[in-house]
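Asks: Okay, these came from TrEMBL:
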{"type": "DOMAIN", "residues": "46-470", "note": "domain 'Major facilitator superfamily (MFS) profile'"}
{"type": "TRANSMEM", "residues": "49-73", "note": "transmembrane segment"}
{"type": "TRANSMEM", "residues": "79-102", "note": "transmembrane segment"}
{"type": "TRANSMEM", "residues": "122-140", "note": "transmembrane segment"}
{"type": "TRANSMEM", "residues": "146-163", "note": "transmembrane segment"}
{"type": "TRANSMEM", "residues": "175-200", "note": "transmembrane segment"}
{"type": "TRANSMEM", "residues": "206-227", "note": "transmembrane segment"}
{"type": "TRANSMEM", "residues": "287-310", "note": "transmembrane segment"}
{"type": "TRANSMEM", "residues": "322-347", "note": "transmembrane segment"}
{"type": "TRANSMEM", "residues": "354-373", "note": "transmembrane segment"}
{"type": "TRANSMEM", "residues": "379-404", "note": "transmembrane segment"}
{"type": "TRANSMEM", "residues": "416-438", "note": "transmembrane segment"}
{"type": "TRANSMEM", "residues": "444-464", "note": "transmembrane segment"}
């Protein structure tokens, strides 16, 4: 809350400091882009602000993810409970992501991202306070996950559709490489910072840090210009029709209600029409839906192991604590950073998608390796497996989304990304449930062996499809 007694000059002083910092960051970005071609997108000030804010937010997310996994394990000693938390976040995400895709194509994407960050910050701050005062229970974490899932259904399509508005087409590979760099720098530092905070002040200090990171990201987005996404001609038609209804009503309440209902029905029909256009485009693009089918199976495997079973593998099989779990996540980020060094060259080559599938097989091999590593060698070999996982997943995702942004028309991109999300994650709740139940029944090592083998075989199917080979 603002301090009413504060002198009027202090906000101006803070604004001057902020604008001066932004000018200095702009000069630094220009120098950086001259030295490193992969950083060319940072020459755009709007993208630079978006990237910086999301980097800070991603750092908080990685700190929170580690703390959440460890807090749930301490509260329940169950992998099934962790699966429940993840499922509570994913199912509403999938339920709302199609609407989120339509919103990303019709509303200002910057505003969707900004207010999504603010809302998640408030929710997480509330959870932190409940934890500190000793009132936090598992069902409250489930509610938090539900809210995050709904918000992210709008946030993710808007965020992934935003770079083409902020940089030119020739800078898109740079923007996507920088986005991957942001995720993996946060993945490199976040788990280590999370483990340190857990050791020094407990998991709720990590929760608080993530809440603050959302607010910082929100503030950095305010200077980013808004690009209007709605179709003015369609809105004009709807508005004129509604006006005619209101004029004919001559103040009668019944006709006014009919006019409101007509507007609502017309709006819903337009949403369904927009969704239908996106579905038709994906159905006609075989390389997209074949990749989605493969990603659906792959995500079941990766979520069941890396997201659900990993904390118990570390605690029960390897006999380690939160610090080692943070080390594995940091090692995964190192692998991702190594892939980015290669992406700067590969994104300009032809047939880059085929190479991406080969590297995705490395990730599957890393998952399989976790189940084979004995406890005596875990300190040395498990981080190497994490590096393989991070390298392959980041390489594949960055290449795929770059090709998607290049091939899909801009007015359909938000809807296609939403369909991509709901398609690739459609069976992920099954992975969360199976991962938790099988880990508690068969053991974490067995789960990694089963799903790692399935993920490895799943990488081969898309390479047999001609359209995938030709497009990628």
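Positions of Cβ are set from backbone N, Cα and C atoms, glycine also.
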Asks: Any contact between the transmembrane segment (79-102) and the transmembrane segment (379-404), i.e. 3 or more CB pairs below 8 Å with pairs at least 6 residues apart?
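Replies: These two stretches do not touch.
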Asks: Where, among 206-227, 287-310, 322-347, 379-404, 416-438, do we find the most CB pairs under 8 A to the transmembrane segment (444-464)?
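Replies: By Cβ pairs under 8 Å, 287-310 leads among 206-227, 287-310, 322-347, 379-404, 416-438.
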Asks: Take the C-beta pairs under 8 A between the transmembrane segment (416-438) and each of 146-163, 175-200, 206-227. Which stretch has the highest count?
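Replies: Looking only at 146-163, 175-200, 206-227, the most contacts with the transmembrane segment (416-438) come from 146-163.
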Asks: Can you work out the mean pLDDT of the predicted model over the domain 'Major facilitator superfamily (MFS) profile' (46-470)?
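Replies: On average, pLDDT over the domain 'Major facilitator superfamily (MFS) profile' (46-470) sits at 83.
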